[in-house]
Structures are given as C-alpha cells and as structure tokens.
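Per TrEMBL, the features are:
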| type | residues | note |
| --- | --- | --- |
| DOMAIN | 9-156 | domain 'Aspartate/ornithine carbamoyltransferase carbamoyl-P binding' |
| BINDING | Arg61, Thr62, Arg111, His144, Gln147, Gly285, Pro286 | carbamoyl phosphate binding site |
| BINDING | Lys89, Arg184, Arg244 | L-aspartate binding site |
| DOMAIN | 171-323 | domain 'Aspartate/ornithine carbamoyltransferase Asp/Orn-binding' |
Amino acid sequence: MVTTNWNRRHILSLADFTAAEYDTVLQTAASFREVLGRRTKKVPALQGQVVANLFFEPSTRTRNSFELAAKRLSADTLNFAPGTSSLTKGETILDTAKTYLAMGTDMMVIRHREAGVPLAIASEMDRLNTQVAILNAGDGQHEHPSQGLLDLFTICRVFDPENPRLDLLRGKKIAVVGDILHSRVARSNIWSLTATEMELHLAGPPTLLPKWFAGLGSDRPGKLFLHWSLDEALADADFVMTLRLQKERMTNYLLPSLREYHQLYGMTTERLKLCRPDVKILHPGPVNRGVEISSELMDNPDRSLISQQVTNGIAVRMALLYLIGVGKGG
Ligand code: CP
C-alpha cells in the first residue's frame with residue numbers, strides 16, 4: 001500500500017492537488033480495487049475510526065460509496081439525513097457538525113447545495129484545533145473532488161489497470177460535453193485532467209459554457225479548449241464525458257427543448273463515429289437517458305465506462321479515507 005508523503009487532511013478541492021498526490025491516490029486506489037475483487041473485501045485499516053456522512057442534498061452514488069468505502073476499511077459509520085435531523089428544529093449546520101465532533105467523529109463527508117459549506121466546516125474544525133478531516137462530497141456548482149479522482153482513475157485504468165498514473169494520459173484527448181456551467185464535476189475534472197498532458201475539450205451551448213472557462217487551465221500541463229459546436233470537440237477523441245443538465249441549479253437560463261438539446265449536444269452511437277474507433281464514454285451520473293446520452297450508447301458495454309466509474313468510486317473513496325485516516329495515526 002502506498003502511504004508516502006501524504007500530508008493533506010481536508011479534501012475540499014482539486015485545484016491545488018500536486019502530480020505526486022494524484023499518483024498516490026491512483027496507486028492506493030488500485031490496491032483497493034484489487035481488494036474489492038477478493039472474496040473477503042474488508043481490511044482493518046481504520047478500525048476504531050468514525051466516518052460521518054453529512055449529506056444535506058440528495059445522492060445515491062457518492063453517499064453509498066463513501067459509506068461502503070468506510071465499512072470496507074472497518075471504520076464505524078454515521079449517516080445524517082437532514083429531513084429527520086435536528087436541522088428541522090433550527091439547529092445550524094455548524095452546530096450539527098460540532099455535535100458529530102462531540103461523538104468522536106474522525107472524518108466528515110459533506111454534501112451541500114451551497115458552494116463553500118465543506119470549507120466553512122473545515123475552517124471551524126481547524127479553529128477549534130481538532131484533527132477532524134472534512135471531505136467535500138459536492139458543494140453547489142463549486143467542486144466534487146472524489147468524482148474528479150474516480151474519473152481520472154477510471155480513465156487511467158483503461159491503459160494500465162494495475163498501475164494507473166498520470167503519465168499514461170500524455171497526448172490523449174477527452175471531450176467533456178453538456179452543462180459545464182452548473183457542473184461541480186466539470187470543475188474538479190478541469191483541475192484533474194489539466195494536471196495531465198491531455199487535451200481537454202469542453203463543449204456545450206454558449207449559455208452553459210461561458211468564455212471565462214478558457215482561462216482556468218492556462219498555467220497547467222494539459223491544454224484546455226472551448227467549443228460551442230459538439231462535432232469539433234469530438235474529432236478523434238479518446239474519451240467523451242457527458243454531463244446532465246443540472247436544472248436544480250439553473251435560475252434564468254433559457255434552454256432549448258430537451259429534444260432540441262439532444263439533437264445538438266446529445267451523445268449517440270452515430271456521433272461517436274467522429275471520435276477514435278476505441279473511444280470510451282463516461283458520465284458521473286445520475287443520467288437523464290435520451291437527453292445528454294442515448295440509451296443505446298449508455299448501455300453499450302464496449303463503449304460505456306459508467307458502471308466502472310461507480311465501482312471505481314468505492315476504491316478511490318477507500319484510498320482517500322485510508323490516506324487521511326492512516327495519516328491521523330489510525
Ligand atoms: N455523481 C454523483 O455525485 O452522483 P450522486 O448524486 O448519486 O452522488
């Protein structure tokens with residue numbers, strides 16, 4: 001197991017992740033991916049530690065895979081459900097976090113519809129001089145770091161499942177397509193994928209892909225391009241990541257009809273012909289079938305990595321909990 005030089009406690013953003021940190025997460029996750037293939041999938045690494053999932057916004061994949069990851073590492077888990085919690089009686093989010101702290105929680109996994117909530121809780125934990133680690137499980141349209149890492153892991157595994165690492169992606173091309181503006185997944189992927197020497201092509205309608213995105217990757221090893229025409233972005237792509245229209249975060253954006261959107265920006269088997277013959281499709285989920293991707297393509301086992309993303313998510317989240325938890329002396 002790789003544990004060298006891991007000094008990061010909170011995981012709030014991928015913006016300042018170093019190449020060495022990415023490779024450490026990838027290699028640690030590869031070890032856990034192998035463990036998940038065994039008959040006995042549990043290891044004692046975090047025995048006695050407490051991981052609390054504080055999800056103030058709905059989730060299927062992230063919440064359950066963080067819980068399963070913690071259980072596979074033998075940690076105790078607590079699951080917070082806002083609708084049945086004392087939030088409904090007026091308790092604040094910070095007081096909720098302090099309540100979990102008082103129960104001896106070591107790591108808190110936070111999802112919230114507002115950007116910055118995980119940072120606010122991390123700052124409070126630091127101010128109180130605690131060793132509690134905060135993991136951002138998606139905050140508004142800011143970031144979703146564990147999703148960015150599991151996407152990177154899934155892409156690297158296509159080339160070397162046993163030894164995934166950044167240098168495998170040199171010269172590869174990925175198109176990220178759809179509602180970039182409202183996507184925290186796209187933000188985290190911009191940081192992780194431009195940390196490699198890949199070409200990252202963002203594509204979407206101008207209302208969902210403002211020009212200022214072009215400035216995000218300028219000082220990084222990868223090259224970032226913007227396209228309002230999907231066909232340009234897809235030319236010779238090795239990977240295509242499609243994104244859901246995140247209507248829950250849209251305020252005053254006028255969208256074409258979903259049918260028109262699918263015609264202009266939906267991924268289909270026909271459109272895939274523009275890409276490399278061995279192109280692979282990713283989607284962070286949840287998917288709106290027939291809008292950003294056709295059902296036929298989503299269910300094509302030769303093209304779709306969507307199920308692998310879910311499985312890999314457990315291994316990557318095990319890696320994060322392990323690296324942080326062992327670093328805390330667990
Ligand atoms: N990708 C993702 O965050 O999915 P969930 O909302 O189901 O957690």
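Backbone N, Cα and C atoms are what each Cβ position is placed from, and that goes for glycine too.
Distribution of TrEMBL features across the structure.
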residue : record                           : CB count, 10 Å
Arg61   : carbamoyl phosphate binding site : 18
Thr62   : carbamoyl phosphate binding site : 25
Lys89   : L-aspartate binding site         : 6
Arg111  : carbamoyl phosphate binding site : 24
His144  : carbamoyl phosphate binding site : 26
Gln147  : carbamoyl phosphate binding site : 26
Arg184  : L-aspartate binding site         : 23
Arg244  : L-aspartate binding site         : 20
Gly285  : carbamoyl phosphate binding site : 16
Pro286  : carbamoyl phosphate binding site : 11
Worksheet, complete the sentence: For Arg184 (L-aspartate binding site), the close binding-site residues (Cα within 10 Å) drawn from Thr62, His144, Gln147, Gly285, Pro286 turn out to be His144, Gln147
Discussion item. Limited to the domain 'Aspartate/ornithine carbamoyltransferase Asp/Orn-binding' (171-323), I'd like the whole-number average of pLDDT.
Written reply: 94
Worksheet entry | carbamoyl phosphate site span - longest C-alpha distance across Arg61, Thr62, Arg111, His144, Gln147, Gly285, Pro286, in Å | 16
Response to the item:
Simplified to three states, DSSP reports Arg111 (carbamoyl phosphate binding site) as strand
Fill in: Additional residues surrounding carbamoyl phosphate, by Cβ distance to the Arg61, Thr62, Arg111, His144, Gln147, Gly285, Pro286 centre under 8 Å
Ser59, Thr60, Ala137, Gly138, Val185, Pro284
Discussion item. Whole-number answer please: how many Å between the C-alpha atoms of Arg244 (L-aspartate binding site) and Pro286 (carbamoyl phosphate binding site)?
Written reply: 7
Worksheet item: Per the record, L-aspartate is bound by Lys89, Arg184, Arg244: how many Å separate the farthest pair of Cα atoms?
Response: 34
Item to complete: Consider only the binding-site residues Arg111, Arg184, Gly285: which of them have a Cβ under 6 Å from an atom of ligand 1? Write none if no residue does.
Response: Gly285
Worksheet item: Can you tell me how far the Cα of Thr62 (carbamoyl phosphate binding site) sits from the Cα of Lys89 (L-aspartate binding site), in Å?
Response: 27
Fill in: Lys89 (L-aspartate binding site) and His144 (carbamoyl phosphate binding site), Cα-Cα, nearest whole angstrom
29
Worksheet entry | Distance [Cα-Cα, Å, rounded] between Gly285 (carbamoyl phosphate binding site) and Lys89 (L-aspartate binding site) | 32
